[in-house]
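Undergrad: Next up is a structure, given as structure tokens.
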Amino acid sequence: MAKVLVVTSGKGGVGKTTSTAALGAALAQSGQNVVVVDFDVGLRNLDLVMGAERRVVFDLINVVQGDARLSQALIRDKRCETLSILPASQTRDKDALTSEGVARVMDELREKFDWVICDSPAGIERGAQLAMYHADMAVIVTNPEVSSVRDSDRIIGLLDSKTQKAERGEKVDKHLLLTRYDPARAARKEMLSVEDVLEILSIPLLGIVPESEDVLKSSNVGAPVTLAAPSSLPARAYFEAARRLNGEKLDVSVPTEKRGFFDWLFKRDA
Amino acid sequence: MSFLANIFARRQQSSSVAKDRLQILLAHERSTGSDTGESDLIRQLHKEIMEVIARHVAVDQDKVQIKVDRGSGCSMLEIDVEVPQELSGKRVSSS
């Protein structure tokens, strides 16, 4: 039974696309069939972060409008064969996506894959609502910063009211992914702590991704951080988050360099 | 003195200020919805209060200030109406 996951945030620039790519690649490396779908029509970037920008022929809108078959638009990752990407259109605008067309494509994706991960555009309008509509689960990407937390709260409200699940009286399974976290600044009380954000948003924590230069280095070369630098701190956080998405119960810890290798080893086994 | 001031200023950490501000703001946004709810209520209150005042005096819409201060326990809606001197005088003399 395929799971549809939306990666959303409300606010832009918090790490939705980075997280979509990293979680998609982490889940695919565990052997499951994963597709990452870019819903950011007109401002697509998932193809670039995944290093597939030169291989785009058809896109989501071509498939939605029936100009191309789904199999023609899907791009298989060269490094990980269980990972595919469905790019967004760069030239059209969001109105080209019809609800019926998106529903048809999502049904088809559900048949082909174990995980359908939708990268939402920023904002709360049509594009973001289409990206979340079919979701069974949601990852809310939040930075420990006031405007991001406020927008996440707004998105949580939309997930509880504007999704297919909500219309059926069911709940979308929501998870918080705290990104660009700086444990040292949080310890000095210069930054909202994990506990602060959890207390305010009150949804379960999926993971804490520390601020790291490895994230930018990976996007520079067009690879998800979980493929380009799998032993880096952010990649470890994403791998653990992916295991939690698969239902594993793991304690969430802030990955830090200061912890020794053995600490990390024992933590992982726990 | 500035040294001492710095020491005392640091007591209130910026992260706890951020948390308090968010908690107050979100309590309001959740209960009212930031698109409709509260802003509609304020528009309605403003309209009705102005109608009542307009029955008695002519008021320039630009001379009406509306402020809201959302606190954790209660909110304050402040409507400041500037009544023209001659009109308020007339009103008093005719009554």
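Yeah, the Cβs are placed from backbone N, Cα and C, and that goes for glycine too.
Below are the features listed in TrEMBL for this protein:
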type	residues	note
DOMAIN	A:5-225	domain 'CobQ/CobB/MinD/ParA nucleotide binding'
BINDING	A:Lys11, A:Gly12, A:Gly13, A:Val14, A:Gly15, A:Lys16, A:Thr17, A:Thr18	ATP binding site
Undergrad: Please compute the mean pLDDT of the model over the domain 'CobQ/CobB/MinD/ParA nucleotide binding' (A:5-225).
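TA: Value for the domain 'CobQ/CobB/MinD/ParA nucleotide binding' (A:5-225), mean pLDDT as a whole number: 95.
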Undergrad: Any idea what DSSP makes of A:Gly15 (ATP binding site), helix, strand or coil?
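TA: SS state of A:Gly15 (ATP binding site) = coil.
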Undergrad: Determine which residues of the same chain, besides A:Lys11, A:Gly12, A:Gly13, A:Val14, A:Gly15, A:Lys16, A:Thr17, A:Thr18, have their CB within 8 A of the center of the CB atoms at the recorded ATP site, and list them by sequence.
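TA: In sequence order, the nearby non-listed residues are A:Ser9, A:Ser19, A:Ala122, A:Val141, A:Thr179.
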Undergrad: CB neighbours of A:Thr18 (ATP binding site) within 10 A?
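TA: Result for A:Thr18 (ATP binding site): 26 neighbouring Cβ atoms inside 10 Å.
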Undergrad: With Cβ-Cβ distance below 8 Å and at least 6 positions apart along the chain, what are the contacts of A:Gly12 (ATP binding site)? List them in sequence order.
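TA: Spatial neighbours, sequence-distant, of A:Gly12 (ATP binding site): A:Ala122, A:Gly123.
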